[in-house]
Each structure stands twice: as C-alpha cells, then as structure tokens.
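Undergrad: Sharing a structure below in structure tokens format, with a few things to ask.
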C-alpha cells in the first residue's frame, strides 16, 4: 500500500503531508473511502495497533508530562475485534474464572485460551516477584495444568527478562542467531522452533509477568497478526487478572482478620500472666507466617537490654522452651538487638550472609538458622519488644508475610501492654489485700476493750437525760459514750434484732475509726447519734422501723475517718479520695468505711435482717450519710419546703420520707447549734480550731484560705456564726419542726444562741469602730 501511495504522489506531485492535510480537512471523504474500500479484518488490525500504541505511550509517559490517561477500550469493542469462536472462548474463560478466581488459575486459563486462539503448542508464564524483582515460572504440563516452579534461568528466562524490562512484545525463531538479540540463546527444548513473548500488564500499567507462547518445528512462525490477537485477549485478561488479584487480597485480608480475631479472643479473654500472653503471641505468630520457630524479646528500658524468660516456640505441637535464667543482651546486639535499637523491620533470606547475625546461638543449640523475619513491637510510639520468626517452612519470608506480621505486631503491642497492666494490677491487689489485713487488725477493737465494755453496762446518768435536746455528750468519757450508744441501740430497736457481742464490737470499732482531729471525732459522732435518738423518741411513727435503724446508724458513722478537712481542700490538694469520688468526696468515704466495718468478722449488726431488708438498710444508710454534705442540703430543703408550703407533704410516700430523712440528718449533724450557750460556744471554738488548721495548710501551699478559715481573722467569728445560723441552721430546724413538732426545742435552742452571737458580733463591731476612731485621732 505504501508503494502505491508513493506512485500516486509522484504522478500528482503531492507529498504525504499534503495528503494528510487533505484527509484531516475532509474526514467525511476519509470515512466514506474506508467503509467502501477496506475489509473488516484490516479495520480490526488497525484498531488493535492503535490500542497498542496508546498503551505503550501511557507506560513510558514521564511523570508530570500533562497528558491524560488513554481512553480505555470497552468490552464491546473487543467483542467486535474478535471472531465468533474466540468470543465463545472468552465466555468459557469467564465462567471458569467465576468458579475459581485465584490469580494462578486466572493466568493459566488465560494462557490456555490465548494459546488456543493463536494455535500455539505450549506456553509458559513468568510472574514478577515485586519484592525480589525475580521471574517465577508457571509451566504448561500434560493436560494443560499449571506447574509452579522457582526462579528460572536460561534462554526462555532471558527472553522473558527482556520483555519484562522493555514491556514490548517479542517474536523470535530458534536455530538461527538473531543479531537484534545477541543475549538470547537457543531454546533448551529442541522441539520448539518459534516463540512469541508478550508482557502481562494490568490496567494501571503495572507489570504482572510475561506470557511465552511456543510452536513446534514444522509449524508456521508467529506473525504480527498473532501478536495482535494475543494483545486483544490480554487487554481483557489484564482486567480479569486485576480483579482476581483484588479477590486474592481480600481473601487474605479476611483470613487475616479472622486470625486476628481469634488472637484477640484468646489473649484478652484468658489473660493470666505476662508469660502466658507471651506464649500465645509466639504461637499465633509462628502459625501466621508459617515459621519453624518464634522468639519474643522484651525491652528493659532501665538497663537498655532485651530479655526473655521464654526463649522460643517450635515443633508441630507448639513446644515451649523455657529458660532457667532470663536471656539478656544489650540493645544493638544481634538481629533482634538491631531491630530494637533502630525500630527497623528486617527480612533476611540468608542469616549467615548477614554480619549482624549471632552464630553462637546455632552453635550452642545445633539448630541451623536460614531465614529471619524480625519486627519491633510498638506501644505509644515506644518499642517494648521484638518478635523474631525463624526459618519459613516454605521458602523465605515474603512481602505478604511482612504486611501480615506488621498488622499482627500492633495487636501484640496492645496485648503486651495490657498484660503488663494486668500484672501491675494483680500486684497492687495483693498489696491492697495485705494493707487491708494490716489495717483491719489495727482498726478493729481488741478483745480487752470488748470485755471491759461488756463488764460496764450501767449508764453514768439517768437514761432520761439522753432524750433531752440539751444533753451534753461531752460530759462523759469515751467508754461511757460507748455504753450510752449501746443503750440507745437497744432502747430504739428490738432486743432480738442485735447480737450483743456484735453490737459491742461494732460500736467500739466505729469509735476506733474516728480520727483524733479537733472536732470531727468520735465525740461528734456520738453527739449526732444522740440527737437522732432524741428526735426519734419525740417523733414516734415518723419513720418506718428500717428507716429509723438506718438513720441512727448513719448518724453514728456519718464522719468515719474524717481528716478534719473540707471536700474542696481535698480536691485542691489532689487527694486520692478526690480522684475516687468527684462529688461528696468525704461523705462517700464515710459510707464505705461503714460498710467495711459491717463486713468485719463479728461486727455485722444487721446480719439478722433478711437479704432484702439488709440491702434496703444499706441503701438508706448511704442516702443519709451523703445527705450530710451541705452541697446537697440546699436542694433537699428546697424540695421539702415546697411540699410543706403547698400542703402536699405525704409521710406515706417514700420520696417524701427520703427528703425528711435528709433534713433530719442535717439537723442532727448541726445539733451543736441547739445546745445550751456554754456547750455551743465551746463547740464553736473547737470547730474553728479545725478550720484554722486547714487554713494554715492552705497558706503553706501558697493558697489563700477563705476568711472563715483564716486565723488572722478570728475576730470575725461571731459575725460568721450569725450568718451560719441564719442561713442554714434556723431554716433547717424551722422546716423540721413543722413536720416533726417534737423537734421544736432544737429550733428554740438555735434561736437563743443566735441572739447571743448577734450580741457578740455587735460588740465586736463596736470595738472595731472605737479602735478606728482612736487610731484616727
């Protein structure tokens, strides 16, 4: 065709450029000419060549050249470009691929289909290992079944290597030396005369491998048309191969995810000790990458060493090799030490070729190390260990092993981190149990104290005095207060409810668990319990029996282990108690101390209650003790006052009685404000001494205390008491007396003390004014 066109050009004196220009300007003429004068096979061949050129241009196009990707050829065009019999082959191939979508099966089916299409006698596929850049062959065997082999050498591999390098198809004839390819020798198989090698490219231009097709002696050689047919199949085949590889990757990921789920379930559900976790990690890691042995070394950040108590897992039955003494070596020593020091993962196909490998271990054990896969284990950006896999059972460790192992190493890090935390928690629990045992011994009453109280059952004064709101709890000593407490227990509640010995031990241990602080001590607890006793004696039937029991026990125990400091002080000083309880810090602690005492052997005064009643009483006790937090007093008072003012208070409703319990607890806790003046004044002096001690500590820590706790502002005490009585105490007793008229005397006592504090405050104000005038003169 070219010679004809040149002759025409000479006759008309037109150049090729002029013809090209004419055709570009008259494309309708060109289309009409092609449709009328060109055969279908010629058009097919032109389309295939055009597609080949576009693909070659996209593969070799330099980055940033600005050219967009070539237009992809649709499946309909390829159907147009092949004959009916070839379309049938593609349909059969599609069905086969659907049934077996593995990469090897796709390649072998594709090779067989292409070989049939071009009448080739045999074929080979050379797959590219992206990690080693080596070609691995899949040979056609008898019956067309594929046979995988390792890296190949020889003539065919040289031909495949050239095609893999150039990504261009190549046709050669054996038996004669081709001057274009001097490095390609004659074929080893003397029966094969002709070879067509074609690159296997994915849609993104990535090289998968090389397909070689062979014809025997006596067959025609491969022509350009054969090359075009092969290319047409491989375009579709590249797409199929791409999706087959995606399927393979997804299958591996699904298998890996199932494996990791089993790892997580096994490790985290049965975390007994660090050693047990290490053994499980090593066993799972060995199975993951098909290693013969697995070792795990942990990092000792203090000594900068790697150590292992369990050296490795090996054998078909997961044999574990423990060492009598820990294996330790410095960071940087050997393969594992290098990985621990640099954080770099290492995949070593031949350990003896690496200078970092420590051969002494093999010499001692008689084991021969061939391949190694070593990877660091991170947690929070720090290396906590190194996992080492030894000798893959099938070949050497590959890229897929590295990726799977890297994912597994993340789970290992989490498992080891949690195992360390578990060990710390377990040791802390043991320390806690020992400390609790020691504390229980020293915080529990002695047998001598029990015998002494049991021998002193008589009250130091008439029992009637305990029922008066003016009773002075500080007028009797410690043992007498214990005897009086036991009497109030027995007087309020049924005798058969309590075991005598348990009641004595409980009361003595409660006394022992109050600290020796100026105000919030055992005497204060006894005073508050006495106030509850008086209220209950003067308000029979206001509460149900279990509520009365909880109220009295709560008053007695409401300040157990009080440190003489406020909740805010504990929060500001970052006390461990404040970290345990975000609100009502001390009150929660007082309740927990109460429960601990009840749990001591021989101290459970509630043991004769039914299980349901026992739980109910504990719930009441918690509610009552928490109610002594003044932060809860104000909302409780507001709700109860609303019911009283509206006339909706109903003692038959549990929630209304709960509010009454809370206000009663506050009234008992503040009962010192209702006592005769001398008791009130002395008590306030003790309270403020405790406040001033806290203020002194706050100053020592660089904080400014509130005026009430500032020792330098002691002259403001009367005014402070006036504000306290008016703002908190009197509203509390006024509300309580409206519901429990028997508590009216508490309100009267508080009003009487208020008048005296107002007088003192006025005198102090006058004194300050007089001093100011004197200084002014």
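Just so it is clear, glycine is given a Cβ too, placed from its N, Cα and C backbone atoms.
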Undergrad: In TrEMBL, which of 33-53, 54-74, 75-95 is tagged region 'Disordered'?
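TA: When 33-53, 54-74, 75-95 are checked in TrEMBL, region 'Disordered' belongs to 54-74.
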Undergrad: Quick one: which of 524, 603, 715 does TrEMBL put in the Zn(2+) 1 site with 558, 559, 669?
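TA: For Zn(2+) 1, TrEMBL names 558, 559, 669; of 524, 603, 715, the listed one is 524.
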Undergrad: So how many other Cβ atoms are close to residue 522 (AMP binding site), meaning within 10 Å of its Cβ?
TA: 21
Undergrad: Which of these binding-site residues has the least crowded Cβ, counting other Cβ atoms within 10 Å: 559, 669?
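TA: Lowest Cβ count within 10 Å among the binding-site residues (559, 669) is 669.
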Undergrad: Neighbour count first, Cβ atoms within 10 Å, every protein chain included; then name which of 524, 558 tops the list of binding-site residues.
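TA: When each Cβ's neighbours within 10 Å are tallied, 558 tops the list.
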Undergrad: As a test of reading the model: what is the averaged pLDDT for the domain 'PDEase' (443-764)?
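TA: On average, pLDDT over the domain 'PDEase' (443-764) sits at 94.
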Undergrad: Relative to the Cβ position of residue 523 (AMP binding site), how many further Cβ atoms are located within 10 Å?
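TA: So the number of other Cβ atoms within 10 Å of residue 523 (AMP binding site) is 19.
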Undergrad: My understanding is the cutoff is Cβ-Cβ under 8 Å with a sequence separation of 6 or more in the same chain; which residues meet that for residue 721 (AMP binding site)?
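TA: Listed in sequence order, they are 684, 757, 761.
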